[in-house]
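What Swiss-Prot says about this protein:
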type	residues	note
BINDING	G49, V50, P51, D52, S53, G54, K55, S56	ATP binding site
DOMAIN	23-152	domain 'SF3 helicase'
Amino acid sequence: YDVESTDEDGWKKILVFLTFQHINFKEFISILCMWLKGRPKKSCITIAGVPDSGKSMFAYSLIKFLNGSVLSFANSKSHFWLQPLTECKAALIDDVTLPCWDYVDTFLRNALDGNAICIDCKHRAPVQTKCPPLLLTSNYDPRLHGVDSGGG
């Protein structure tokens, strides 16, 4: 990762944000390290909470810092919407809604577990690759409501 072009005091802003959100900094760093290494069953982080709490701002900043890609569930009808996963170090799916959670639960379980997946690529043969670490943001927490409960 290219950290030469970053703000030297940027970590202080992150610390302030995490403290404001009542997140233990040491625990977060430990989880982030496992996430970046792509450890099985530890390769997906979901940031869920109330609207306008800074989830997306934090996630976009982190993905930009990591030179990652942003995926949009709105493009999920295309066979190629996951193609950026073949070329990035980390990826973000922002604002995961209930239909997106259903899709993830049905079709992306191997990706979330950090296992190899097959991705259709435009003008190329399908590519089998290990899914990069995924970061998801959502106003809906499936741990509280369940994926198929219809609540939100």
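Glycine too: its Cβ is placed from the backbone N, Cα and C atoms.
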Model confidence over the domain 'SF3 helicase' (23-152) (mean pLDDT, whole number): 89
Tally of residues which DSSP labels helix, strand or coil - the domain 'SF3 helicase' (23-152): 50 helix, 24 strand, 56 coil
Binding-site residues compared (G49, P51, G54) - the one with the fewest other Cβ atoms within 10 Å: P51
CB contacts for V50 (ATP binding site) [other CB atoms within 10 A, all chains]: 8
G49, V50, P51, D52, S53, G54, K55, S56 excluded, remaining Cβ within 8 Å of their centroid (ATP): T137, N139
List of residues, in chain order, with Cβ under 8 A from that of K55 (ATP binding site) and at least 6 apart: I47, A48, G49, T137, S138
Sparsest Cβ surroundings (other CB atoms within 10 Å) among the binding-site residues D52, S53, S56: D52
